[in-house]
Amino acid sequence: MANNEDHSEDSNLNGEDSFETVKQRLKDRSKKVVQTRDLLSKQAVQTREILSKQAVKIAKQAEEHERFINKVTHLVGVLGFGGFCFLLGARPQDIPLVYCFFYVIFVPLRWIYYRFKKWHYYLLDFCYYANTIFLVDLLLYPKNEKLFMVCFSFAEGPLAWALIVWRCSLVFSSVDKIVSVLIHLLPGLVFFTIRWWNPETFAAMHPVGTARRVSWPYVDDKPYLFTWLFLIPLVVYTLWQVLYFLIVNVLRRQRLLRDPEVMTSYRELSKKAQKANNKLWQLSGILGDQNRMWMYILFQAIFTVATMALTVPIFLSYRLHVIFQILKISAAVWNGGSFLLEVMPRQVIQKEKKKKTEMQPIEEQLPAQHEPVSPPTHYEAESTTET
């Protein structure tokens, strides 16, 4: 019996020891996890600081060489736009590939730039949502007539009219403005070439021995046309509006409230409208300041419905479609000229004034620091010798 009791006591002690060792191991592991997490967070903070310092350094260097960079950008922009116009006439079937290349290269670069400027919520706007759908259509479903009509409605509806209404400016010395114009202008040109000018599309869509069509897709059924050019695009737009509201006004609400420098489309529009005290600002305040955002959503919905309805006659008429392309390009060029002749001179004057105000304290300190020392007078020399 005594041996059994000793054995049970030993087993209890061993069980307690094993429990303590397991407990200690768990504590050690939790400590290691906490230490690793702290180390990774410190490394992330250090990496972020290094990247921000590098970004500031690059921005300062860009400011120092601003004129040269603007000249290079203007040269490349003019040559690129001229090459695009040549390609549009010589090989219209290659325009969709040019658009895909542009989107894949410049939209990620814009996200990096906008992230640094705290403008990255602009990339949740409808134009980027629609351009992503365009990319899916062109790369994955190029022969899907229904998806083509939805994309056509977006490209020649809200995106095209935003180019005119929001006064996008074709300024070749500004990469940001060029990209903004092309995001709204290129999709319409892409779907124009596919519908009216693309010989490869026509050859693929016409069986041998049948009469050639004048356009693709050929739609004779008016209800079908109304459904895929207006109703379905409106449903897709509503889906975007719901997602945008959930992300910006629900999920990221506290983040935006903490940092007023982070810009969204609503913040930019409200600031500009309030500063100008225009009709948009007055109409948005009909239901009170607390409901301005809902009024902006309503205005955008009305704008979208109206512009999508206009895509139906544009889709059916080649001449009307050509006139609309000329109107869009003319508006972008006109706004660019207005920017160069009216806005840019004011910006240059403001920059010069800012430089002068920054240089004034330095110039005031220079005479005091480098003032020439006069030789001591006879009285001063005697006083120094006496002491």
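Backbone N, Cα and C define each Cβ position, glycine as well.
Since we're looking at a predicted model, the values are computed, not measured.
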Per Swiss-Prot, Leu39 shares membrane side with Lys222: no
Winner by Cβ pairs under 8 Å against the transmembrane segment (320-340), considering only 68-88, 94-114, 121-141, 146-166: 146-166
Contacting positions for the transmembrane segment (228-248) when only residues 6+ beyond its ends and CB under 8 Å are counted: 121, 124-126, 129, 133, 146, 149-150, 152-154, 157-158, 256, 264, 266, 297, 300-301, 304-305, 308-309, 311-312, 315
The topological domain 'Cytoplasmic' (167-173) - residue tally per DSSP class, helix then strand then coil: 0 helix, 0 strand, 7 coil
Intrachain residues whose Cβ lies under 8 Å of the transmembrane segment (121-141), provided they are six or more past its termini: 96, 99-100, 103-104, 107, 110-111, 114, 147-148, 150-151, 154-155, 158-159, 162, 183-184, 187, 190, 236-237, 240, 244, 247-248, 252, 256, 262-265, 304
